[in-house]
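In TrEMBL this protein carries:
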ACT_SITE  T35  active site
ACT_SITE  T35  active site, O-isoaspartyl threonine intermediate
ACT_SITE  T115  active site
BINDING   S82, T115, D116  substrate binding site
DOMAIN    26-181  domain 'L-asparaginase N-terminal'
SIGNAL    1-20  signal peptide
Amino acid sequence: MKIRVFMATVLLLISHCVFSATSLPHIVILATGGTIAGTAANNTQTAGYKSGELGVQTLINAVPEMNNIARVDGEQVANIGSENMTSDIILKLSQKVNALLARDDVDGVVITHGTDTLDETAYFLNLTVKSDKPVVFTAAMRPASAISADGAMNLLEAVTVAADPNAKGRGVMVGLNLSLLRI
């Protein structure tokens, strides 16, 4: 319940605040693929789509509202369905997150991931990331090409949480559909 209240408070505060570009936190989005980056043959197809088709910049461009919350950069770590996630990719992701969070100019990291193995990857990062800065995983249940795609809103929510100073020291989190979980 506290996490849900925290998430609602963060969204309300951010929506009522105006920041100058220099005072905005710097959030890096690391993309690994999954349904959030998936596409289908038509916009009513929510099964049988291809995971990990869209690049991180396409995901960022789909949510220009993030620019009111944070300075956002993106890096493509992988572009696969999470059922194809390997220990090598997870280790590379952990090393990348640690390197980014060691930088003074990075305030938090958001990771886009498929839902099949998100919990395993998030748990591994919770054990291996050595920073109090926020790390927030997000994903989607419907591909980006679907009429009812949920990825863009989930990405906005994850960036909102990662940009909030109150998210520091909470460990790795997962944000989906207005819910926030700590690993």
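Numbering starts at 1 and runs along the chain as displayed.
Cβ coordinates are placed from backbone N, Cα and C, and glycine is handled just like the others.
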Which three-state DSSP class does D116 (substrate binding site) fall into? coil
Name them in sequence order: residues not among S82, T115, D116 whose Cβ is within 8 Å of the mean position of the Cβ atoms defining the substrate site. G34, T35, G81, E83, M85, H113, G114, T117, L118, A139
In this predicted model, what is the average pLDDT of the domain 'L-asparaginase N-terminal' (26-181)? 97
Neighbouring CB atoms within 10 angstroms of the CB of T115 (active site), all protein chains considered, total 19
